[in-house]
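Taken verbatim from TrEMBL:
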type: BINDING; residues: B:ASP458, B:ASP464, B:GLU467, B:GLU468; note: Mg(2+) binding site
type: DOMAIN; residues: B:39-155; note: domain 'TRNA-binding'
type: DOMAIN; residues: B:409-480; note: domain 'B5'
type: DOMAIN; residues: B:708-805; note: domain 'FDX-ACB'
Amino acid sequence: MDLTDIRGKYIAAVAGAAGEAALEEVRVAALGKKGEISALMATLGRMDPDERKAAGAQLNALKDEIDAALRARKAALADAALDERLRAEWLDVTLPARPRRMGTIHPVSQVMDELTAIFADMGFAVAEGPQVEPDWYNFDALNIPPEHPARQEHDTFFMARAEGDNRPPHVLRTHTSPVQIRALQTMGTPLRVIAPGRVYRMDMDQTHTPMFHQVEGIAIDRDISMANLKWTLEEFCRAFFEVDQVELRFRASHFPFTEPSAEVDIRYSNVGGQLRIGEGDKWMEILGSGMMHPKVLQAAGVNPDEWQGFAFGMGIDRIAMLKYGIPDLRAFFESDLRWLKHYGFSALDAPDLPGGLSR
Amino acid sequence: MKFTLSWLSDHLETSASVTEIAEALTDLGLEVEGVEDPAEQLAPFRICRVIEAVQHPNADRLRVCRVATYPGGPGSEMVEVQVVCGAPNARTGLVGVFAPAGTHVPGTGVDLKPGNIRGVDSNGMLCSERELMLSDDHNGIIDLPEDAPLGARFIDWRGLNDPVIEVKVTPNRPDALGIRGIARDLAARGLGKLKPLDIAPVAGGFDSPIAVQIDPALKAKGCPHFAGRVIRGVTNGPSPDWLQKRLKAIGLRPISALVDITNFFTYALNRPLHVFDADKVAGGSLRIHPAAGGEEFLALDGKTYTLAAGQMVISDDAGVESLAGIMGGELSGCTPETVNVFLESAWWDPITIAATGRALKINSDARYRFERGVDPAFTLPGLELATQMVLDLCGGEASHVVQDGAALDTTRSYKLNPARVISLVGMDIPEAEQRRTLTALGFTLRGNDVTPPSWRPDVLGDADLVEEVARVASLSRLKGAPMKRGTPGVPKPILTPLQQREKAARRTIAALGYNECVTYSFIDAKAATLFGGGSEAVRVENPISSEMSHLRPDLLPGLLAAAARNQARGFMDLALFEVGPAFQGGEPGEQHLQATGLLVGASAARDPHGSRRAVDVYDAKADAEAVLAALGAPARAQISRKVAGWWHPGRSGAIGLGPNTMATFGEIHPRILREMDVKGPAVAFTVLVANVPAPKVKTPTRPALAISDLQAVDRDFAFVVDAGVEALTAVNAALGADKALIESVRVFDQFTGDKAEAQMGAGKKSIALTVRLQPTASTLTDAEIEAVSAKIVEKVSKATGGTLRG
């Protein structure tokens, strides 16, 4: 049986089919029930056995060949179609992505969380107190009697008093130190707490705002000394400023609520406008501190013959400015979006000690 | 407090340098705020001689001088310099002060350069006093005596080489408001030796024609001791050069010998004095008494003060002559014509002085010192020393001393516990050193009983002794000593539940894309009133500006003001938040923690994806719910429309549990936006952090997870209801249809507006719910699904008055 012409015809038809439908027509014409090859297969029964054997093998081979050609052509057509689709699906990927708002944490909040992380590790809890205080908590209990010159130096905001209300006016707390008294009254001794929060002074110029933030720290036990205070502050500064070495200098000073009292300076350098803590030959005052005055302990109901301890107070905004290179205090409270975004922190950058305080 | 090095050396024998002294003072607690050494800027100016001065060829008023200068100092080689000078007194043979080219002239702020003036070279300057900032004299150049040493530094020759040190004296150290007190501290530190103060009483030659008397009302408190004496026949000219120099150096203006003497004692010994012109004291007596009130008093500052009852004054027969301890009177003050003077030395009660000074707003050196505490034992010695100085400088003859009252006895003693000093300071200070320090500071020790000196009113307990010892020993020697942990092992959590929530709220809101602000706790009266505050109870009596007069009742006004400021800068789309206190009253504790977020403008900038849309109430609601979830609030809370007046009444809601409101969300009332100058739309939420109930059971263990292998079935329902029906009513009704089977009900669509009404009738809308049925026992049959569906339709129809949409 000579199948050369048939083969040639169908292989050419498969190759020339332009699409799935044309290819199907070729398949039906060749291999369909009424197709040409199927018709030839039907003639096999009328042949003698030897002839049938040879022709059957020939026909089956041809059938397989055409079938394979059909499949190959089908796959090629599908690939071509996909390529065409992908070409059509081109997008300009340089277009901006869908917007996502990025929030920020204010530096004051971030630094408060840093303070909490460091002092919690040293066993300090966080205490709070009201921002409107009776003058007793803000002054008298802290050994600042009414006529003490230090009272005048506090530039205090007073709350208005209704006619007939003869109590001394309440004050907006001028420092976080009243929390010393409140914490001792509620938690007793021994005690280690820090108390960060808002404080208020009647002062507004280049470097002062009528509201700012302080953190108070106290540690009271039977044998706590000023040397422990120095160590605690050294550890804090090293951790907070994220440097290997800090050097603090204690300078005698006076605060009515501590005795002895010390102003604490930190060593730094100023290289091209950039502050570097822990090196150089300059000293900058960063906080006030001392041993709690016996009268303050007494005011809080603690026996000063049994208990002793230290207290310190530090400006949070100020150490935030130092650490993060923020130039102007007033901008902290102006809510300029550009400032908030530039100096703010990511919501997920919650400071902790294992991961480091800042990214 | 300012003083000069030479003045200090009146009291301190020392070889220490200015730098050493300054460092020691700061370390001792007398913080040095500045050291001004005139030698630094006046060093290049040396004494010279004009060899010849001739007329400038091209200028009538200028002279060309050949100047002999000696840059190497006296006796060194002469260098001739040509200088063009315009001073009228520039002449041949003048001995003057020369500044070579390259010198910075402090009086003009100019750096001298070699120049050419109208064709003649000029290589330096012959200086006037003004150019050296010594006086305002610019009529001519400095004209020195013939024998002034050529080549010497002018400041050395004139005795101006005296550094001025300024220290900040803390309120507890009145003794350091006198130079002697500062010297004593330095001597105790070992920087020299305190020179003895010789007080020789001046014998009076006659009885004082002026008597003194303290009103009984003031003897116990106010003025326990008043002394004085008349010195007659004085000459009150200008004080001598050395005294004027010292006073000028510390910023005081020399007035006359008598006044300068009082200032000298104020600064040298913290002993303010007053001088009356004795001839102007009417009636021959001075009476110290409380003012009756209403008196007018012309003080030495030229101002007239109206006195309040009780303020301490000194009067003669003519009326009030002095505001005791604060400021003398113009009428009885000393003038250059004064020949008889009454010299007053008194001790005034600090509290009374402070109250009067504050009430009259007078700040004087005397008030400053008396209200901090002047040495009560030094009233008479001070008077004697000052008498001697008046006699020395002004001549005359002193009367006997007249006085009323007596020096206040402040003797008291405290225990020195050397071991306690070491325990408190944490520094090994040997007992002998502790005793030596206290003695050097003037304390008297008998065993461990320590009596403070009369000039240290601040020492009021054992702890004050510790401070004295520690500061003299130097806290800079202190070495840090590790502090034991309170409890060993892993630290326990230290934040209170409210503190944890504050932190969670803050970080959640930031994660939702808001920028945190910290705004002032006080706002203006108008904004406070708009937000339900502004009452008298929350008013600040002495606000720093009218913008900050009331405690904020809410965080929104501060955020809205911040939004307005940002909008004024062109930032229209904002997401701002704050977590902080708001004040419902003016008593301590009448504050509560709010977490407030504000969205203004659009959700995003314009972009190719059409992301931009105006923010709306559902944005605020989503964020409020996210914050509540972060704080652990129960998922199913009620929503009410009971909100404060600053919210849009139809587009706001409160999320609460029973009567307890946890949060409010919504659009800001358009009227508020107008008042606060914010361009809308603006939506916000406020979470009242403390109102979120704490979880009933606090355990980290979660309940077991119950999930079914059986297929859940979702069925959708659409209801036609009246437009005013709230979706939550339908949702709750559907949930109630079969509490076991229905896992969730969600609104997935609503159809409102004109088209909806055209289809469903006027005043109608459609709400579409999807209900998820979760069988637990066996797969649901069609019949079961039909049954529960029918029940849902029935319940929702009943609750809403609506019908299933056909």
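Every residue gets a Cβ built from N, Cα and C, even glycine.
Unlike curated entries, TrEMBL annotations are predicted automatically.
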Distant-in-sequence Cβ neighbours of B:ASP458 (Mg(2+) binding site), under 8 Å, six or more positions away: B:ASN172, B:ARG173, B:PRO174, B:GLY373, B:ASP464
Looking at the binding-site residues B:ASP464, B:GLU467, B:GLU468, the one with the fewest other Cβ atoms inside 10 Å is B:ASP464
Helix, strand or coil at B:GLU468 (Mg(2+) binding site), per DSSP? helix
Please spell out the DSSP helix, strand and coil residue counts for the domain 'TRNA-binding' (B:39-155). 6 helix, 45 strand, 66 coil
Confidence summary (mean pLDDT) of the domain 'FDX-ACB' (B:708-805): 93
